[in-house]
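Below: one structure, written as structure tokens.
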Amino acid sequence: MQVKLFYTLALWAPILVSAQLSGSVGPLVDFKTKAKNKTCDITDYGAVADGKTDVGPAILDAWGNCSTGGLIYVPPGTYSLATDLELKHGESTAFQLDGVLARGHEGSYQLILVRNCHDCEFFSGNSQGAVQGYGYEYLQDGNYGERLFRFQDVSDFSVHGFAAIDSPAYYLVFDTVSNGEIYNLLVRGIADLGMTDAFDIWGQNVWVHDIEVTNGDECVTVKSPASDFLIENIYCNLSGGTAIGSLGTGTNISNIHYRNLYMNQADACYLKTHNGDGIVKNIVWENVIVHRGPYPLAVNEAWGKDVGSTGVQVQNLTFRNWYGENTANSRPAIRIECDEDVPCYDITLDNVNLWTEDGDYVEWSCANAYGSGACLQEAKDTGDLATYTTAVTVTATPSYSATHMPGDFTTNPPSTAPFTIPPMPTSFYPGATPISTLLSLSGAGGL
């Protein structure tokens, strides 16, 4: 159901849901209306929930008949998916995944591609749907397979209510999307290998909320170009954490609001680039809890491969109400290191309380960054900013209490066996229930 931002939003979300959104998000027509119009049950097209028979042809046939104005239904059960799916040119359509799609072949690119879809919804009606990637078959040997999902050129959409399990590579990529809502999702996989990003998103006007991630790389990451994102109630539970980047040439990111972030052995902010170009501006991170993050708060403009351009202009970043600790005080708890040719400015640290579980001091590191808080220098004139580098050692322990989530992992999941599909979480931030209630439908569209 589309969320209208001019409502009081009592039925949908907190009043401040529009913090960085520029308009309405979500499908224009609800899934029940689509199901009433036309329903395509994949078992009517030859699908068998035996975990062996390839369900791909049945899904493609159902999509062909219901991708305009209808609902494609995957009933409960386990289905083998041995065909890469390209679900394209959907118009006012819904895909209800109440069963499990288990990867059944060795593909090389994308297991499920949803492309050029308008007014579409990909969801689980019983909150038990899942895609099982069996990624351990690759990752235990240091190899990679295909990605689970890619949503490309999708508008007025929602994705919600299911689990993405043990991907052989990336999990969910949202490529050039707009007016979308992404929520009530669980990612669970091997937590010690990179190139396993959970959510990579770029586009315009997107609301991401109530997400839990366990993986070996980035948790919820904004890529360029992106504008008008609200990202809240995020639980990175053994993960790289929430990031911006990495950023190359032509960067254009603005009006991104992260709030209510809970990090267990993950980082809440890692903005990374190395001699790219373009701009990052108007970004907020607030209400953040970090436990054992390697780099809890980091802006690093010398990260990775040198792209060879003039540097990304970073401006107007706000970090507000942060609590927690890093893993080792040999790494700065606060690191804001900007390009000497394009210094950062208008950076604000407000009530940021970061300590360490390793020792009796923390380091702050700042370079070519201007604003207020920590080791930042103040700027009288942003038109002429000098270069500088400074490090501060802090020995005074901040006074704060940072709660823990009961589901925090303390050890990495095994990497040599299939994952059991867990139930959908009922909380993604301490003391908070999901903004949108988990669905418990019986049958297609809940009819």
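Cβ from N, Cα, C; glycine included.
D217 (active site, proton donor) falls outside any helix or strand according to DSSP and counts as coil. The Cβ neighbour count for D217 (active site, proton donor), using a 10 Å radius over every protein chain in view, is 22. For D217, the entry in Swiss-Prot reads active site, proton donor.
The Cβ neighbour count for H291 (active site), using a 10 Å radius and every protein chain shown, is 21. In the three-state DSSP scheme, H291 (active site) falls into the strand class. Marked as active site by Swiss-Prot: H291.
In the three-state DSSP scheme, C66 (disulfide bond) falls into the helix class. Here Swiss-Prot flags C40-C66 (among others) as disulfide bond.
Annotation comment: Swiss-Prot describes C219-C236 (among others) as disulfide bond. Counting only same-chain residues at least 6 apart in sequence, those with a Cβ under 8 Å from the Cβ of C219 (disulfide bond) are A198, F199, I211, V213, I234, C236, S239, G240, G241, T242, A243, A266.
Feature annotation from Swiss-Prot assigns disulfide bond to C338-C344 (among others). Under DSSP, C338 (disulfide bond) is assigned to coil, being neither helix nor strand in the three-state scheme.
The feature disulfide bond is assigned by Swiss-Prot to C366-C375 (among others). C375 (disulfide bond) falls outside any helix or strand according to DSSP and counts as coil.
For N37 (among others), the entry in Swiss-Prot reads N-linked glycosylation site. When other Cβ atoms within 10 Å of the Cβ of N37 (N-linked glycosylation site) are tallied across all protein chains shown, the result is 16.
What Swiss-Prot records for N65 (among others) is N-linked glycosylation site.
In this view, N237 (N-linked glycosylation site) is surrounded by 24 other Cβ atoms within 10 Å of its Cβ, with every protein chain counted. Sequence annotations record features per position, and here Swiss-Prot assigns N-linked glycosylation site to N237 (among others).
If you look up Swiss-Prot, you'll see N252 (among others) marked as N-linked glycosylation site, on the strength of sequence analysis. Within the same chain, the residues at least 6 positions away from N252 (N-linked glycosylation site) whose Cβ sits under 8 Å from its Cβ are S224, P225, A226, S227, G278, I279, listed in sequence order.
In this structure, N316 (N-linked glycosylation site) is part of a beta strand by DSSP. Around the Cβ of N316 (N-linked glycosylation site), the number of neighbouring Cβ atoms within 10 Å comes to 17. Swiss-Prot lists N316 (among others) with the feature N-linked glycosylation site, giving sequence analysis as the kind of evidence.
Among the features that Swiss-Prot reports, signal peptide is placed at 1-19, with the record citing sequence analysis.
Distances between the Cα of C375 (disulfide bond) and those of the recorded positions N37, C66, N237, N316 are shortest for N316. In the three-state DSSP scheme, C344 (disulfide bond) falls into the strand class. Within the set of disulfide-bonded residues (C366, C375), the lowest number of other Cβ atoms found within 10 Å of a Cβ is recorded at C375. Sequence-distant neighbours of C66 (disulfide bond) (same chain, 6+ apart, CB under 8 A from its CB) are K38, T39, C40, I72, T93.
Of all Cβ atoms in the protein chains displayed, 28 besides its own lie within 10 Å of the Cβ of C338 (disulfide bond).
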